[in-house]
Each structure stands twice: as C-alpha cells, then as structure tokens.
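Each remark here refers to the structure printed beneath this line.
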C-alpha cells in the first residue's frame, strides 16, 4: 500500500507523536529496569565484583531482546494509525479504524509492557542466570531467581502504569487531527460513547499499585539482603513483613475505593442528567459538591437553564404559529371564527380531566389548533356555501382530514409535526367505524382523533351556521352523551359531558 505522507502537517504531527512515545518508553524503561530494578536488586546482593560484571552482561543482553520484542509489537499497534493519518486519500473506514486504534493505544501500551517488554527481558535473564549458576559462574542461591522474577513483575506493573497515563496524554493531538481529516466526509469521528477503560478499575489499580509496589519492592530487596547476611534473628522476617504488607494493601484498596466513588458519583449524576436531556427532559443536577465538580455541575445547570428558556421561546413561537394558522383558516368563514381555538381549549380540557401529562397536553392543543388545516384545499364555493351541501360537495369536505395531513407532512423537520398528524387525519372517525377517511373503529382510532372528535362535535353543535342556529349547550351535551360508544369514545365523551354539565350555567353559546 502507498503510505507516502499526505501533508507536511500530518508528517510533523506523526513524528512528534512517535518521538513522544519512544521518549516515554525509554525514560520508563531506564527508571524501571536500570534505576529501580538494578539498583535495588543488585545493591541487595552481596556477590564478588566478577559476578557483578556477569549480572550486568545478563542485564544488557536481556534489554536488547526486550527492545526487539517491544519494537515489533509497537510497530504493529501503530500501523492502523499511520495508515489512517498519513495515507494519501485515506477513506472514511481507514480513518475510523485509526481513530479507534488511537483510543485503544493506552491499553495496548499496558499490554506491550506486561507481555513483550516483561517477557522479553525476563526469559533471557532467567535462562542466562540459570545457565551461569549451573556452570558456577554465579554463586548466589537459586531461590533468588523467584524473588528477582517477582521484583521484575512489580517493576513492570509500575512502568505500565506510567506508560498508560503518558500515552493517554500523547494521543490527544492525533484524535483531533483524525477528526479534521474526517470532516471532508461531513462526518465527526467519535467512539460512540464506548468506554475503553472505566474510571473504577483505572483508579483502583492505579492507587493500589502506587500504594503497595514500593512496599513490595522494599520487602523483596530486604529479603535478598537478609539472606546474604544469613542472620538468624531475621528468620521470621516474612511473618512481620506480611503483616505490614497486608496493612498497606488494605489501606491502598480502601483509599482507592473511596477516591473512585468520590469521582464516579458526580460523573454518574451528570451522565444520567444528560441522558434525560437527550430524551427531552430538562433535568438539573443537585450541586452538593465542594471541589472542581461544583464548578462543572454549576455550569451544567446553567446550560440546562439556558436550554429551558430557549425551549420555552421555541414553544411559544410554535404555539403562536399554530394559532396564526388556525385564525387565518377560521377567518375564511365568519360563521366559524374562533372554532379552532375553542376546539383546542375543549381538547386540552379533556386531556387534563383524563390526567394526561403536560407534554401530552401540548400535543393535544397543537393538533386541535390544526385539525381543520386541510380545509385550505377545499374550494370556497363549497366551504362557504350557505345552505345544505349536496352529496358531491360533502364528499369534497370529507377530503379535508387527509389533505390536512398531507399539508403538514410537507413541513421540515418532519419530527416537529409527526405527533400532530393522527389528530388531524382521524378527528372525523366514528367509534363505531362509520366515520372517515379510513373507517377506523374503537381503539383503532388514535387517542388524539378520539379527543378532538368530541371537542369538534360540541363546538360545531353549539355554533351558529348560515342554515341553522347553534344548539343550546345542554342539548349538545345530551347528544354527546347519547352518542357515547357509537359516534364518540365513551370515556372521553363522558368526562367532557360530566364536567360541562357541572359548569353549565357559566358556559356561553357560540354564535356569529
């Protein structure tokens, strides 16, 4: 594959990234292997100077094997990143693979230290030491090999810990650059919320390693030193050392748990609140924190407050828009002036009486305001006709629910109107299935349609028309009551009729 550099900026960034990782690895290796491991273990051994030279030879040989094994693994780990970042014309799939691999690199660095790094050093070191012991070139007890192996593992764990956090910092510029490259595809790369390593194990393992590794290394070095002195008074050393180590481990674990919980709790609260916002619920987080999380929660709550204000403004603008459409539609016919507003009020009343939520009431009101929007598509000669309609004219009127739905389907984004469409299309359906446009019956009729049907029928019956006077409210309510279960939904009709009858003296009759 052609892997020529795509641009000088990417080349410079990649070289800087490699230099940072190599520098971090060299510094970590020198600290772990030469300064920590060699100083503690070699200083603890009491061997002739000639044997020290042989131990140094073993150390350098093992370092060479370790470096080769680690380099092979490192190049394999960074290959997808190199291809995504530096290949001319890299496609989106290549960029995605590079982005995910970059996120995985801190964990892969831990693998690199604990497998090729540790084994690449330990295996040749143990083999060479065992061979020299068998030939008499080294004279210390073979049990030291177990202690040294344990020490090497501890040192490698400490090195892996440092490498993880250093690599985490080093990959951030790469992630930004890969995202910039993905913009030409109109895509923003992200991990999709995937957690590559959660905070709990990261803090627990880090804190425990920081807490107990020095103790364990010190104990191993002292054990070697005590064995070389062969002092009888220290025969029970590990009984005492085990007690101290156990106390250190318990303290480190408890401290790590407390620190982890202290950080996890506010993050969890913020995550839950953000999930609520994604689902449309503006949820604030109670600010009970006294550290930097207090600032974060305060900023989050102020953001939610600003979003609530903007949502209120948006909703008010949308309501005004719906009212304007309803008023404009009603203005075509002086006999139906205010009809849509009254139907919206009655529909909202039915929803409240049935215990519906605020969000459901908003949808009911908006759908009721627009329930007759399809009449825009009906000719004035039919819509404004004084007198009874012919069968053909009535068939034209019956088209307005479907026309209204089609009109609202043209509005973008479609999600804004989607919830309102069932009420617009189905408000002339009958509970017995004899309505229009779809002939739905019973529970097949959407809830919005069943609610608006009751409100629309009541207002139509109590309003004046060119060919008749409006009915008295008591008469209209009796007709609604008699039509429960046949023309109208029995539940919605009942709650509306019962409420209106209780308030009958204060209910006006609508007229021209």
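Even glycines carry a Cβ here, placed using N, Cα and C.
Automated prediction, rather than curation, is the source of TrEMBL annotations.
Worth saying up front: this structure is predicted, and the values here are computed from it rather than measured.
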Name the residue range among 180-202, 203-225, 272-294 that TrEMBL annotates as transmembrane segment.
203-225
With the ranges 92-112, 113-133 to choose from, which does TrEMBL describe as transmembrane segment?
113-133
Other than its close neighbours in sequence, what residues sit by the transmembrane segment (113-133), given a CB gap under 8 Å and a spacing of at least six beyond its ends?
28-29, 33, 54-55, 58-59, 61-63, 65-70, 72-73, 139-140, 142, 145, 148-149, 152-153, 156-157, 159-160, 163
